[in-house]
Amino acid sequence: MTQMTPQEIVHELDQHIIGQHKAKRAVAIALRNRWRRQQVAEPLRSEITPKNILMIGPTGVGKTEIARRLAKLSGAPFIKVEATKFTEVGYVGRDVDTIIRDLVDVAIKDTREAAIKRNRTRAEDAAEERILDVLLPQPRKQPSGFFAEEPAVEEKHEDGATRQKFRKMLREGKFDDKEIELEIAAPAAQMNVMAPPGMEDFASQLQGMFQGLGAGKKQTAKMKVADAFKQLIDEEAAKLVNEEELKAEALKNVEQNGIVFIDEIDKVTSRGEGHSGADVSRAGVQRDLLPLVEGTTVSTKYGMVKTDHILFIASGAFQLSKPSDLIPELQGRLPIRVELSSLSVDDFKAILTSTNACLTRQYQALLATEGVELAFEDSGIQRLAEIAWQVNEKTENIGARRLYTVMEKLLEEVAFDAKSGACRIDGAYVDGKLGEVAEREDLARYVL
């Protein structure tokens, strides 16, 4: 769990996301409150539940990116799901409980990777010893006797010196291309189960039943020392991981620090006064989500998981519906409402130039691999931002994603030819490539 203050969290988010300060403040406070809760003594600690967040704003303004970056900052188990993929229990589709099961799978994977990383040094030492055993096979033990005692001591010293010499050569990479034959763990038998929609849980359980078949078997393989070293490190690191401790740690991490991001929550609202079959199903999804958000216990193949302290962040554009169209019980479980604003021309300019991995830097790095030096002038950046904003206003507003389309169209010719040399992108160049398309609404709908 991160110990960053809300100000530090917002500063980190500013490196990747432009604007949306209200949303950043809300998620920063929510994340800091997770840490604050851990400092409170029991029994009050268990009574403090996270305040779930509802983000409201058009597509492409940073809702998903804020949640994704937040999970990276916190190092917490994180999963993003689409509300439209789930259906009411009894209908064909995924059950909402699979959200928590998938979150546990993510936590198990992350916890295992962290445990392997912690044990890597010990695993490297063990792998090194196994390779040295192959390069320097131990001589058969001679029966100890009166005449054999002294030579055995000398041989032992010689073997130790030779082993140290080989160890030094191995670390210097002098044996990397040498082929050796060694015994490694045989890969476990894989069973892929193709399940019909709505039967994913059954398929997962069936796959788990057959997963252990063939585990522990050995096979002899011939490979280069460099490849063998990598494989043996993974094998030895896996041996050092305690599976029971790993499961317990992962489940605790999910319960205390898990974050679930539910996108497109507006698509499961009931619209209007009439209630069609689809509307009934949508309301059913909301009712099924209620226990998860409120706090319940979900059964997973690794154990029971309580959702009382998992943070839920829901988001939606709410263009055809309103947050008040959600069922009242679910509205009450999402107490923090944050509205994200549409992007302005200045926001588009900042997205193109100010973030750590802005689009202009990405294209410059890509084309630099073939000797093309892209230079973006201020006038070119200004025109790109204006055109992206203009097309969003005239057609569908897809937010910052419009910049991908605009940039691809702008640099299509340069990327295709990829001739070494300098290429200057100024206002005139942008107008020459995109001006006519942007002005004509009929063309912009199909091209940009």
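Glycine is treated like the rest: Cβ placed from N, Cα and C.
Cβ environment of E329 (ATP binding site): R287, L290 lie under 8 Å away, each six or more residues apart in the same chain. The ATP binding site feature in Swiss-Prot is assigned to I18, G60, V61, G62, K63, T64, E65, D263, E329, R401.
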Number of Cβ atoms other than its own within 10 Å, given for V61 (ATP binding site): 26
C-beta crowding around E65 (ATP binding site), within 10 angstroms: 15
For I18 (ATP binding site): DSSP state (helix, strand, coil): coil
Assigned element (helix, strand, coil) containing E329 (ATP binding site), judged by DSSP: helix
Site extent for ATP, whole Å (max Cα pair distance, I18, G60, V61, G62, K63, T64, E65, D263, E329, R401): 34
Other CB atoms, at most 10 A from the CB of K63 (ATP binding site): 26
